[in-house]
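Notes to accompany the following structure.
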Amino acid sequence: MTQNKLKLCSKANVYTEVPDGGWGWAVAVSFFFVEVFTYGIIKTFGVFFNDLMDSFNESNSRISWIISICVFVLTFSAPLATVLSNRFGHRLVVMLGGLLVSTGMVAASFSQEVSHMYVAIGIISGLGYCFSFLPTVTILSQYFGKRRSIVTAVASTGECFAVFAFAPAIMALKERIGWRYSLLFVGLLQLNIVIFGALLRPIFIRGPASPKIVIQENRKEAQYMLENEKTRTSIDSIDSGVELTTSPKNVPTHTNLELEPKADMQQVLVKTSPRPSEKKAPLLDFSILKEKSFICYALFGLFATLGFFAPSLYIIPLGISLGIDQDRAAFLLSTMAIAEVFGRIGAGFVLNREPIRKIYIELICVILLTVSLFAFTFATEFWGLMSCSIFFGFMVGTIGGTHIPLLAEDDVVGIEKMSSAAGVYIFIQSIAGLAGPPLAGLLVDQSKIYSRAFYSCAAGMALAAVCLALVRPCKMGLCQHHHSGETKVVSHRGKTLQDIPEDFLEMDLAKNEHRVHVQMEPV
């Protein structure tokens, strides 16, 4: 019985279409808890901030480099996680990530210098966070289609519940056993990533019929078309002057067309070529870097990262600097996390509605998030910080749970390139992940005012809004250029047309001065 259960969890799922459920619900639960033990811990790390400053006698900017290096490694190694996932499978990579995360956090609890934490949490755990998070969110997107936005949004609330629960719990635990043993406990707790990673069964989408049946059906359809084509074309040729002959083989699925000029006739040779899907897919597709819409979206992620992590790191020190006790300051972080839950779920429901331009909803949320970051600089007491925390938490939730799944939308790259796009996108975010927290810490060290840390966050988010606003125009501009280029090629006789979709090929059959001879040749 146990062996059957293990076999059930290990074999791949094969579907004829995107299931929008099935084992995907187990994957969604796994993603929830992976979020708990990855981003949930990263965002809760602010509770150790003052303890580390006192123990190592270091400045804000020096301590902030711990999370900065961690986020940098997390995002910088995203292409590596993509390659390993495509090569060895998502399950093994996530389980390896869980081991690395736990090892780094446990080693950090024995650190005697802040540089030791740079290696333990920054590099080792950072690499583990990437191996754990990215493959999980990628495979979750493959299990869901219509429900992708809402499922991802709800599952991503794991980090919010983690911050809500861990922030006060770790504060209480530190008072009893100290920050080192508390960090050790967190590291052992993160071993659960290995368990939930084991639930990530791979998914394969194939056609509803076997290849043999499809070939037979194609041959029957081709034969039927051949029998009826003579009658139809003989009638059409009276008006259009088109003469059509076809070979008795199955109709090709992918065509190359070549126009050869004649005295009063153009001959269109249609040759079959292998399906694109039969070619071996690259482990990492860098062709997405040629799409201007993706470049703009990646720049959006780059600048937005400046405002993602610093607020959660500095909200507790900011509250303490304003005379708020530690317990109430920790409650600010918990409140921010709960507001983020509602933001993620709300965004999921809104983006799940059809039809809707999801990129525009995201843009509105980014603008409001920029406003919330500026609002922190004007707060002077507990309830002002509470209001800002709720507003910020809700708005960051609308973006945090949707900015990666939004890559699967046609406005950006589409679901076919989702895996490679996610790896490159998070890789580009690494620059801001490295610079964000130290930049905020530098502003604090120079001014001795914690609210100044939010200026860099707000400035980065404002630039992110500008880049996001350019995504849709860039996509439309590319499409228009693509159409005009194809029209020019078709209009010139004697030119070679390669890899042109049939939908874009228009022939003027009304002209009698040209006769078109169509010949279909077998492979």
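The backbone N, Cα and C atoms fix where each Cβ goes, glycine too.
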Scan S247, S273 for the residue that Swiss-Prot records as phosphoserine. S247
From the topology recorded by Swiss-Prot, do E291 and G323 fall on the same side of the membrane? no
Position flagged as phosphoserine [Swiss-Prot], chosen from S55, S59, S240: S240
Annotation phosphoserine in Swiss-Prot: match it to one of S237, S484, S491, please. S237
Looking at the transmembrane segment (92-112) and the transmembrane segment (331-351), are there 3+ C-beta pairs under 8 A, with each pair at least 6 apart in sequence? no
So, do the transmembrane segment (22-42) and the transmembrane segment (150-170) meet, by the test of 3 or more Cβ pairs under 8 Å (sequence gap 6 or more)? yes
What else in the chain is close to the transmembrane segment (424-444), if you only count residues 6 or more beyond its ends and a Cβ gap under 8 Å? 59-65, 67-69, 71-79, 130, 134, 284, 286, 288-289, 294, 297-299, 301-310, 313-314, 404, 407, 450, 452-457, 460
Outside the topological domain 'Extracellular' (43-62), at least 6 residues beyond either end, the same-chain residues with a Cβ under 8 Å of its Cβ set are 113-114, 117, 159, 162-163, 166-167, 170-171, 174, 179, 182-183, 309, 312-317, 320, 330, 333, 337, 438, 441-442, 444-445
Going by DSSP, how much of the topological domain 'Cytoplasmic' (140-149) is helix, how much is strand and how much is coil, in residues? 6 helix, 0 strand, 4 coil
